[in-house]
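To start, the structure itself, in structure tokens.
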């Protein structure tokens, strides 16, 4: 192409044939090499809005794909990340941080990521990180998993068709067909009838906690895909955004409410070792198949679902590929953040680890209930002291997302996440509070006479005060460097929130059933929704990331668009969780329980 622009054809009538031949040659030269203009045009260039955090210089992905489809240039779109020195990413920050640019460029598909990195660093005097679209060739592991999915779905559909017909068969085959049947599993998954009307508001509280949790996690998941990332940094310091920004304690509410539902079971269900093992196996079968399927799906198939310049920024498949085994074994939280596949995976690990504690405690409670109660209280106190000590020693954040701009230490974040946020000993407090709550309050299945008006009013006032303390304390302590107060907050706020949620459940369980708030929280629709809260939270991360990483351009965020994104993520996550429940979780659980409970209606 450079030769085309340099060549000059003879002019004049003296050499007409030579002029014509030269022009034909140049036209052919231009035709064969003009694709390079499209290639150069596809490369990212400096956009507007850099001072507001627009570090996406993505170029035109469609032009790169056009060149590949026309077999002109065998390329794949890559994102090259590098830092521009002597720049400020956010003008409101006190610390000068270099602008980290994501430059989109169409690079040869035949080169490996290491070769592309060397090529980019050779062309520019910067250290580069290269992230490219996955190659079109599918690895054998992905093909095997996809084939297994297709075969399993075919088996489910075949069993559903057979189950809908009138047929005669022996009892074992009939139980197998019914276990796999969609008719049965869909009805069971959508069943709104709760056999126990006791603590009906718990289901509503679980669903509301999940929604707030997804809104909060989405707010930070979408930050790498925003054109105006400065919007997020400003929102972090906003008084009105703190219920979303400081969202991590909603997980503790879910743990406490789940423990309360477990603690309401009669103690005679845990009399023998056999009953303990059966209860633990049933509980594990309720959530592990769905969790394992989503984890394996993210490892082998998720990366194949999208394409484009934003898709290459999604590091979720790489994280899952390097840590899938630890996640399937439910020990990922013990190994730290580097072994975390999905953010919601640590919640499943905590649930499994805490289940062991609960089973042991309830098994021993049949012999000495008093000793078990005070042992659990002792573990709770030690957990609080441990969290306080670790937070003060490492001078960590008060919560997962710091509101102060001067918290810029990577070590402080990793110390907080690995030693406090993911650590089961630090997070067991709310779960223990849920287990021992029925020991201090009347939570029997018998009809209660109701709370006194003063008790109800007192609990609601304490809830309002506690909500303000739990949600807004990190903002009020911003920039104070009072690490002693940070440590007190880190150690206590999760337990305080657990007590508040359990107190609300207790109040609503003992007020008039016609009370407006109690009636709303006890809606029957919340019962099937509450059974999927853990799976929905697990799925919400890839759903939210897919909504943005599948786009070919970054978006300009507003509060309204952020709210709509949260609503869309919740709806899509619930739909996908329902499919996983009826195609994976319930069929596997019913197949396993055939040997323990032959009657389908008892499953």
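Using the three backbone atoms N, Cα and C, a Cβ is placed for every residue, glycine included.
TrEMBL entries are annotated by machine, without manual review.
As annotated in TrEMBL, transmembrane segment covers the listed stretch 138-162 rather than the other ranges in 138-162, 163-187, 313-337. Spatially, the transmembrane segment (244-264) is adjacent to the transmembrane segment (453-477); three or more Cβ-Cβ distances between them are under 8 Å for residues at least 6 apart in sequence. The largest share of C-beta pairs under 8 angstroms with the transmembrane segment (563-584) comes from 529-551, of the ranges 421-441, 453-477, 529-551. Taken together, the residues of the domain 'Nose resistant-to-fluoxetine protein N-terminal' (16-138) have an average pLDDT of 78.
Note: the domain 'Nose resistant-to-fluoxetine protein N-terminal' (16-138) comprises 49 helix, 26 strand, 48 coil (DSSP; helix = H, G, I, strand = E, B). The recorded stretches the transmembrane segment (453-477) and the transmembrane segment (199-224) do not share 3+ CB pairs below 8 A when only pairs 6 or more apart in sequence are counted, and are therefore not in contact. Where the transmembrane segment (483-508) meets the stretches 199-224, 344-364, 376-401, 421-441, 529-551, the count of C-beta pairs under 8 angstroms peaks at 376-401.
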